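Student: Here's a structure for you.
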């Protein structure tokens, strides 16, 4: 992985060793807590700065969401051997690209003597320094493209959260009269749903609207802590179940290339935290500690990804569902696991929603009178939540939406853009040919995954629309 720029004790860039370039140590030690389109940044108040453990919790929750529980199906789509190996490779590339993004942002803050630059501004300022006159002239479009991708990705995450919570809530409610105290492996029995999944989405909607109106970082940290407690508790019970019963044997080591494309979309979707890296660093009380948080947190995350994906597929085999919680036994213990994880996802919604809200809301509010600012702020936030709910209602297929969002926008933000930014940022500072070749290869890999994965996900959706599923739910005894 590339070297992260060394930081002074005050959090400023001291030295940049990536690609043979050097950065000035000039810059302000304060950072903005907002990831907005505006180029003017307010200094971060010490009272709002977050500690090491708080940032670690935010990072953990940003990457352990609904896509995490879809990894057993992803491994099924790739194969028992290819799946875990590919997860490790994609994870390493993603963390490396996060490191590149941090490196470019830190270098630009020193060069421009800015306190903080977000992902969008990093893209714009990188293009302003690249050798192409056309790109320098149109550098502002780089900011617009990244802003659009961030909005699509994060709102896509939020739509998936709606589907996940609705699917699990439906199963909990409609299986209540089948639920027992004895936890036995499920035996599939298809029953007609009492209520459509969309009804449960609409039930959740008003509570999420109230949740996103909370904007204080300290309060969001409390929500994230609650989400982490419930999520880790439920994950402990899930892992306990996965290892206690004999697994399926003779599972394919390598799956079809068509289903592997769905694996790519799901895998890259699962690394949900790329949009949160720069905002989290800006909110940290001691920014020089952020590289340690990043590597420690992401190493733990990748380890969990591989374990859950492999064990889940080995456990349920061909019956693996879009979310592993839907495979759990129909007993009160594991029904509580679904409820706990859904509560964790509920609070994580606010964390993922923060990124698009901080891009869109200030832009809209700045065009209104000051008397209407608060009303418009709250209205836009509520409208965005309704938009994610509406998207989930239109395409209530958890696995395909995860793969589509991952292929379309997550791959661009996580794999395609950061390597290109490194070339643009350091090209005039004697970046090595090896680094350029490496960056081009990563971007091409991300582009291939984006195009082919998007095609396969859309193809599966069209097949699904031609042969729609019955309005039924899997009830297991």
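Using N, Cα and C of the backbone, Cβ positions are placed for all residues, glycine too.
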Student: Which range, 176-196, 260-280, does Swiss-Prot list as transmembrane segment?
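Tutor: That would be 260-280, per the transmembrane segment entry in Swiss-Prot.
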Student: May I ask you to indicate which of 145-165, 313-333 is given in Swiss-Prot as transmembrane segment?
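Tutor: Transmembrane segment, as annotated by Swiss-Prot, spans 145-165.
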Student: Out of 124-144, 292-312, let me know the one Swiss-Prot marks transmembrane segment.
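Tutor: Transmembrane segment, as annotated by Swiss-Prot, spans 292-312.
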Student: When the topology given in Swiss-Prot is taken at face value, are residue 54 and residue 284 found on one and the same side of the membrane?
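Tutor: According to Swiss-Prot, which assigns topological domains, residue 54 and residue 284 fall on the same side of the membrane.
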Student: Considering pairs 6 or more residues apart, do the transmembrane segment (375-395) and the transmembrane segment (203-223) have at least three CB pairs under 8 Å?
Tutor: yes
Student: Please list the DSSP helix, strand and coil residue counts for the topological domain 'Cytoplasmic' (366-374).
Tutor: 5 helix, 0 strand, 4 coil
Student: Taking the transmembrane segment (440-460) as the reference, which of 203-223, 226-246, 345-365, 400-420 gives the largest number of Cβ pairs under 8 angstroms?
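Tutor: So the stretch in question is 400-420.
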Student: Does the transmembrane segment (260-280) come near the transmembrane segment (203-223), with 3+ Cβ pairs under 8 Å (pairs 6 or more apart)?
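Tutor: Answer no: the transmembrane segment (260-280) and the transmembrane segment (203-223) share fewer than 3 Cβ pairs below 8 Å.
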Student: Hey, which of 145-165, 226-246, 345-365 has the most Cβ-Cβ pairs under 8 Å against the transmembrane segment (292-312)?
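Tutor: Per the Cβ count, the answer is 226-246.
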Student: Work out, from DSSP, the number of helix, strand and coil residues along the topological domain 'Cytoplasmic' (99-144).
Tutor: 35 helix, 0 strand, 11 coil
